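Colleague: Structure below; questions to follow.
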Amino acid sequence: MGKFGVKERNLEGQMVVDFAKRMDMAVVNTYFQKREEHRVTYKSGGRSTQVDYILCRRGNLKEISDCKVVVGESVARQHRMVVCRMTLMVCKKKRSEIEKKTKWWKLKKEECCEEFRQKLRQALGGQVVLPDDWETTAEVIRETGRKGLGVSSGRRKEDKETWWWNEEVQDSVQRKRLAKKKWDMDRTEENRQEYKELQRRVKREVSKAKQKAYDELYTRLDTREGEKDLYRLARQRDRDGKDVQQVRVIKDRDGRVLTNLEKAYDRVPREELWYCMRKSGVAENYVRVVQDQLSEEVRQESPWTMMFADDIEICSESREQMEVNLERWRFALERRGMKVSGSKTEYMCVNEREGSGTVSLQGEEVKKVQEFKYLGSTVQSNGECGKEVKKRVQTGWNGWRKVSGVLCDRKISARIKGKVYRTVVRPAMLYGLETVSLRKRQESELEVAELKMLRFSLGVTRLDRIRNEYIRGTAHVGRLGDKVREARLRWFGHVQRRQREYIGRRMLDMELPGRRQRGRPKRRYAFTVLSNITVYAVAWLLFHFQHSADPSIADQLSHSDVPVFRNLALIVLGIGAVFSLIFHLGTREQTQHEEVENEPLLSHSSLNSAPLLQWKHWLLEPSFYQVAALYMCTRLIVNLSQTYISMYLINSLLLPKNYIATIPLVLYVSGFVSSLAMKPISKRLGVSMTYFVGLVPIVAFGIWVLLDLKMGVSVYGAAVLLGAGSAVILVMSLSMTANLIGDQTQSGAFVYGAMSFTDKVANGIAVMIIQSLYPCLSLACCSDCVWFYRRIMVAVTGGVSLVAALCLFSLIIWPIKIRRS
């Protein structure tokens, strides 16, 4: 404490003094003799005291020359601003040179543009372009622009928080400060009212000026010229949201200073580096340039530093070969003064079959991992890409947060938000995915994350019940799966154009040795590319044929393109059916004469009593066709009723749109409840009779729809009947399929595949027939639609149920039994 402080002090003041003594600090306010008015920091209600202080280390007290209270500055209410004058040794900051740019943007003004044209004609000697000398012409244009339009100052633009201030605001603030000082000197009611009035006026003017400046800013951001300002604004808001802008330390995670010279200094032998550069054919001039740039100091970043220089990958076909290659690499490094880090070296086995065996380096076991990150991508031992997809999603969210200051701004248009998302966030999510075979589930993970980002950006939630198509259309963002396929095909084209010696081209043409394991094969990258090419090629051919047949059709998508997409779906379905048939014909199945597995699923007595059936034997069994017909009818009832019930509710019953959400919910809930009682009922009645019991409520639903023309709330009761009956017949039809297969599990895949194929073909044909009978010629519904959808529901639930009952009676008369011996 100095000798010029306040004599009286309370408990808090004594705590400040004790803190300063304990930390060897000085209370700067008390070391300079000032008038009473320049020492008081708090004044209110006729009371004045000193409650604001500046503290510093006692060793730095000699650098402080003055400390006082500034009277009249309206920084905070009741408190006064304390200022301190210090003398600091500041290192001279090296001024970075910024290129001076020509003010080409002045050409937007008509008078500037015309003046520039005249000066340019004079400089070119009356010619528009000098013949065969574009470099001279370009230099003349640039020089004329610099002289006529001017150049920038080359200084950085100051980043001020009050960039939106104008002269009116500045004058109002100055008048308010003078009024505040006048009131402090003369505490009269007139001065107080004058100060309060000026304070309110300044607030209004500041608000108007700020609003006007931001309106102009957002208007400029929505133009082509404001794109650079848009990304600059995003970076600035990201920096403003961080407490610490930049940290440069040389410490470990525990906060200790790094003392390991192997980490702090560059250990690469310089002479070996020069030798390797010259041996690789680098010109001597470039070698000398690198020699001039390198130093023996602490390692620093440089523009020629090799990326991933310490991430070296060694591939081998066996552990023994891996150890040999690793030892050779270690010997080559140590011979040149470097070494392999044993703690960072890891190995991974791809599709390892046996769990034993390790890899050693100098007698120490190398750590085994199931995944590692190489060149920005995560490689897994099982060949999957699930971890890479999750990291891509996380990277996308990190990129989204960096530009969230722009994406979540309600004053920026949705089109601009979509553009920022497409240029900043999406590339981070799609990095490296063009070389990955994505499954549907992984592709949906990416799309779910993308839609969450878009919904956050547009300020909507799932509770707003806005479809994903509208979200994408508002932001002008296409489906992420389409962009992945586009990038995959583009990368495939790049690889195909490379030389055959290129490693990527060799990997595509490579055939792996050995046999494929049992079970569903992994999705291959080549198959993925082939399927994408096939779909795009077929679509292109269909559009080409359409344009050749009728050139008057517009290039934009319209309702006239519906037949094209229908034919595309049928062709793709046909291709899938053909290859499915090829798979069943070409897949070798186990016969009676082949050896069984070591642990068979069935006992030897069962194998001897029931002969093994191949797929062609099933085609001779009548029960196969009976069950297939019943399963087809079941799927028609379930799928078509769920498809057309929404149109029936809206167009036939004229119910509110919320019914299309609640009625399907009732269907699923009633189906779940009925499934709880299905097992005991089927034990008592049998599978066939339980199926018949399930048909009864479905037929009752059809009769209800036929008789009740103005169904209201009672539609919930009808929905309960339909949901319960649909669940019963679907489960029972699957049980009959399982009874048909019985002990013939080796060919059960063919039976289930045939049932599924029959179901999809029947549903597709039924939908096409129904749509061909649609009475309206336009999108708007007419009075005929009321009866159309009612008849569809009656035909599906009533007519198809009668056909299913006939199939069921045939199974009761001729039970399921494999007659081939």
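First residue shown is number 1, and so on along the chain.
Cβ coordinates are placed from backbone N, Cα and C, and glycine is handled just like the others.
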Colleague: Checking feature assignment: transmembrane segment per TrEMBL, candidates 264-287, 624-647. Which range matches?
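Modeller: When 264-287, 624-647 are checked in TrEMBL, transmembrane segment belongs to 624-647.
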Colleague: Please give the sequence-distant neighbours of the coiled coil (178-212): residues at least 6 beyond its ends with Cβ less than 8 Å from one of its Cβ atoms.
Modeller: 71-74, 164-166, 168-169, 172
Colleague: May I ask for the residues of the chain that lie six or more residues beyond the transmembrane segment (792-816) and have a Cβ under 8 Å from a Cβ within it?
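Modeller: Tertiary neighbours of the transmembrane segment (792-816) are 622-623, 626-627, 629-630, 633-634, 636-637, 640-641, 644-645, 648, 688, 691-692, 695, 698-699, 701-703, 705-706, 722, 729, 736, 739-740, 770.
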Colleague: Short question: most Cβ pairs under 8 Å with the transmembrane segment (713-741), which of 565-585, 624-647, 689-707?
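Modeller: The stretch I would name here is 689-707.
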Colleague: Give, as a single whole number between 0 and 100, the mean pLDDT over the domain 'Reverse transcriptase' (292-378).
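Modeller: In the predicted model, the domain 'Reverse transcriptase' (292-378) has a mean pLDDT of 72.
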